[in-house]
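Below you'll find the structure, written out as structure tokens, and then a few comments.
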């Protein structure tokens, strides 16, 4: 369901309300075509002047009533006053006493003498008029009064155009005005017109003197600018020097990479030497080292014969229960060590002589020593000499 009221429905509601108000306000004169002395309420006849039948004003139907109102009949409903009451002249009041709107949009105006105060039953009619005006003003917009508009022209208005003003014509009735068309006061589209300024009055001209000389502080500003320029050039020189060191930094990086590569090569060679010669730095045989690690001190506590402990023998014997005894145990028979095969070591030393010794004379001397070597110690001596000559 549409919650908004259309303009046609609004016009119908206003018209229905006006008809109801007119019905109750015009009850004393209902059913007559003209106003006569018999139908006019006492106290109202002296007030009504003029002949309203001759001053009926027909207005166009209001645009807000919609197409539905335009389609109705154009009948005229007027209020007529007898000619005897029309002889007295009067002035038109700003708002009519009351009006009956018909189906065709015809509005009849009733005039009132402003010098006569409402008395009797006319007072109730006046109150009804006020209520009706409030109802009309609630739904109908009052016509706007136009203000004098001065047409703006470049160079100022002419003498004849200064006295001309555009004024909207008024309407003789209480119906809604459809408005009137007038020329826009502005020649620049939607921009509002601007009031012309009055001609300037004569004034005393200003004294014009010689322009002042340059300020003293200008020299100081120039000195500051020169100093800033010098500092900027100095900074540029320093930046150029820093950029020139970039190539040297790159060269240092390359040298560091070379040093790291050389160090890695030396470490690899040292690891190879350690693998090829896993000897002891002290020159002590492994059996002696094991024997020194197995020696320990035995402490005897409690009663017993300790005479054997004072002997000069460095060996201490124990029985099955780990008690020191003077009787020595039978010595264990040592197994003879098998003779090591030196052929493999000789092949390795021959390969070392070929790869590590570049001098032909030294190479020939190492080969002769290798041929005469028959023990492991001799072979180890030859390996040490080959490594020293290579370094």
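Glycine residues also receive a Cβ, built from the backbone N, Cα and C atoms like all the rest.
Features reported for this protein in Swiss-Prot:
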type	residues	note
COILED	218-245	coiled coil
MOD_RES	16	phosphothreonine
MOD_RES	165	phosphothreonine
MOD_RES	188	phosphoserine
MOD_RES	257	phosphoserine
MOD_RES	258	phosphothreonine
MOD_RES	282	phosphothreonine
MOD_RES	292	phosphoserine
MOD_RES	294	phosphoserine
MOD_RES	298	phosphothreonine
MOD_RES	301	phosphoserine
MOD_RES	374	phosphoserine
MOD_RES	375	phosphothreonine
REGION	216-279	region 'Multimerization'
REGION	343-391	region 'Interaction with the nucleoprotein'
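Swiss-Prot feature annotations superimposed on the structure.
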residue: 16; record: phosphothreonine; contacts (Cβ under 8 Å, 6+ apart): none
residue: 257; record: phosphoserine; contacts (Cβ under 8 Å, 6+ apart): none
residue: 258; record: phosphothreonine; contacts (Cβ under 8 Å, 6+ apart): none
residue: 292; record: phosphoserine; contacts (Cβ under 8 Å, 6+ apart): none
residue: 374; record: phosphoserine; contacts (Cβ under 8 Å, 6+ apart): 342
residue: 375; record: phosphothreonine; contacts (Cβ under 8 Å, 6+ apart): 342
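For the region 'Multimerization' (216-279), the number of residues in each DSSP class (helix H, G, I; strand E, B; coil) is 59 helix, 0 strand, 5 coil.
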